[in-house]
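Novice: Take a look at the following structure, please.
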């Protein structure tokens with residue numbers, strides 16, 4: 001079984017996000033980036049399957065500027081066999097990513113495309129679904145457990161009302177949720193070896209995909225500052241205040 | 001845990017720490033001998049993420065390493081346009097002549113965090129291998145007792161010491177030569193100084209704590225390139241310390257406050273002194289209505305020439321502030337740290353062995369620079385005015401005094417509560433304000449701006465060697481000063497279920513400043529490396 005797994009370079013979860021003064025977005029320069037944590041869970045799952053013999057080849061794919069190579073190297077250090085870097089300096093929106101992933105899936109013919117359920121930067125939660133639609137493949141999103149048998153994947157999904165189990169034919173797109181696994185710590189020797197592995201670079205036109213940013217961001221603003229609260233002494237005073245503000 | 005089977009990697013040289021000293025060493029090694037395999041370990045999650053300094057730098061060593069660096073300078077790099085030195089009173093400020101050591105003509109203001117992140121790819125271009133997220137947990141020794149490399153920390157151990165499912169033992173990295181460039185109060189360096197008795201012929205090292213914040217201020221307040229320093233309020237006379245205000249581009253101002261850790265009163269709170277200083281009318285006018293962007297703290301070495309330990313031992317060298325090459329009167333250590341790294345690399349290239357590096361460093365410009373100013377910092381032991389007078393003498397005589405003033409261990413300077421309880425507290429003596437309104441509200445709010453992160457479920461990396469002392473003797477004798485000198489609120493005395501006081505260690509807050517390891521009056525706090533990649537993630541500090 002061959003698995004493609006997507007990797008996105010996102011601002012690290014620890015970073016205090018700042019809005020760029022010109023309103024063009026958030027400050028990304030000089031800010032720590034790392035692999036989207038949900039993608040890390042996807043990579044971990046693929047590697048576990050490779051280690052137990054279920055998967056024969058795991059290929060990490062990413063879209064973005066030169067810096068993205070860092071996250072692909074991390075994926076290789078996890079144990080991915082190869083890495084493909086589709087290069088662009090432009091913003092990558094979910095629809096564009098889905099088009100690229102469709103082209104890569106057709107080129108690589110995997111049995112499963114594993115992805116994080118969403119990236120922690122834009123939180124769009126669209127790329128997996130769009131990729132499945134573009135490929136006309138089954139999809140199973142928010143996976144917290146995946147079992148493979150007889151050319152099918154039985155996927156336990158975390159949904160609002162609890163857990164739901166789907167059985168999907170392979171090839172399929174599966175997006176993973178937080179509780180699927182806990183990613184490993186990388187071994188230093190593996191990171192050292194990953195530095196020396198080549199990463200295949202592709203351009204959009206080699207995949208016949210148009211680089212497009214259909215959604216235009218007009219402006220980005222920080223939420224308005226909240227006024228400080230006040231302390232009240234008694235319940236009566238609280239009720240009076242609430243009435244004053246027509247809240248009760 | 002000696003029976004754990006560990007992977008072993010081998011290099012020609014290991015450098016511990018990707019700060020200015022470490023990167024300079026590694027880059028120069030590759031420039032001298034491109035086929036040597038050089039591995040740099042860095043405990044931060046990214047290069048630069050745990051570097052914190054003012055910082056006005058002299059660019060000499062950078063010119064040596066990267067001659068064309070000005071064609072592609074770091075994001076934050078502003079030519080100094082002017083120097084100002086101010087004496088503060090609570091409500092006023094008097095401009096003083098700038099001490100000659102602090103003339104910054106020709107220097108640049110940078111962010112060290114930003115500059116290291118910028119320098120790392122240049123080192124990698126030379127073939128240096130840098131591994132952020134991996135610290136050196138301990139030095140390793142061969143059968144003859146020489147340093148043979150380091151071990152990286154074990155990952156995936158729970159707070160109670162049991163192994164988690166993700167457990168991954170650290171690996172051993174071996175090399176004929178290991179360079180310790182861990183910065184001030186390096187965790188391995190501390191062990192090595194003890195093991196090889198590297199400090200028998202020098203005074204104890206002395207330290208200060210530096211606290212820093214980066215602010216975005218309303219337009220037209222920042223005058224890019226202006227370098228301002230203040231002394232005086234909120235530390236009048238009795239405590240050695242002062243501030244810096246470095247004006248950057250894009251309406252940013254770097255603010256910092258440095259306090260000598262030889263202060264005597266255990267009731268003193270360095271973090272609070274910094275916050276008080278920000279509320280001085282002169283400072284407040286700069287930052288009011290602005291926004292704090294990031295914050296952090298780091299101890300720095302102040303001992304200088306007479307506290308410099310021996311910098312070589314079998315199989316290893318110490319460079320930069322792990323040894324203590326900072327020039328206190330200049331308030332600069334980055335150029336000397338880098339220069340010591342370059343010297344180490346050149347020495348290894350020429351001599352092929354560690355022997356003789358210590359003498360080479362002392363005979364170098366770094367050595368003579370430190371020797372010349374050696375008496376200035378200890379002159380402040382008798383207060384600000386005596387210190388300033390002594391500094392003037394030492395400056396006029398260019399350090400040719402026939403004497404060398406001695407340094408004393410900072411933790412020994414701490415007085416017991418009984419000795420100070422009849423005196424006003426530092427807050428009362430300096431007439432500190434009782435309420436503050438500029439961010440951050442307190443130390444916890446400040447830690448948020450350091451973006452510090454530790455997995456809570458790992459062994460506490462602040463080891464208390466004798467916990468009983470904390471609740472018994474220390475409470476009585478010193479009033480648990482750790483709860484006050486720590487800038488990140490790591491130490492708290494809380495009531496346990498039995499109604500007794502207990503020391504609670506919020507290790508996840510730690511910003512790796514090392515102040516506790518230095519200032520604790522019983523020397524029972526031992527800072528060890530947490531899981532790799534833990535700790536603050538500074539942006540542009």
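Positions of Cβ are set from backbone N, Cα and C atoms, glycine also.
Whatever TrEMBL says is automated annotation, not expert-curated.
The domain '4Fe-4S ferredoxin-type' annotation in TrEMBL covers B:460-496, B:501-530.
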Novice: Quickly jot the same-chain residues contacting the domain '4Fe-4S ferredoxin-type' (B:460-496) by Cβ under 8 Å, restricted to those at least six beyond its ends, or write none.
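Specialist: Same-chain contacts beyond the flanks: 159, 209, 211, 261, 266-271, 297, 414, 416-418, 442-444, 446-447, 450, 452, 454, 502-507, 509-511, 513, 515-516, 519-522, 524-530, 534.
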Novice: What are the helix, strand and coil residue counts for the domain '4Fe-4S ferredoxin-type' (B:460-496) according to DSSP?
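Specialist: Summed by class, the stretch gives 15 helix, 8 strand, 14 coil.
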Novice: Mean pLDDT over the domain '4Fe-4S ferredoxin-type' (B:501-530): what is the value?
Specialist: 96
Novice: Let's see if you can do this one: DSSP helix, strand and coil counts over the domain '4Fe-4S ferredoxin-type' (B:501-530), in that order.
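Specialist: DSSP composition of the domain '4Fe-4S ferredoxin-type' (B:501-530): 8 helix, 8 strand, 14 coil.
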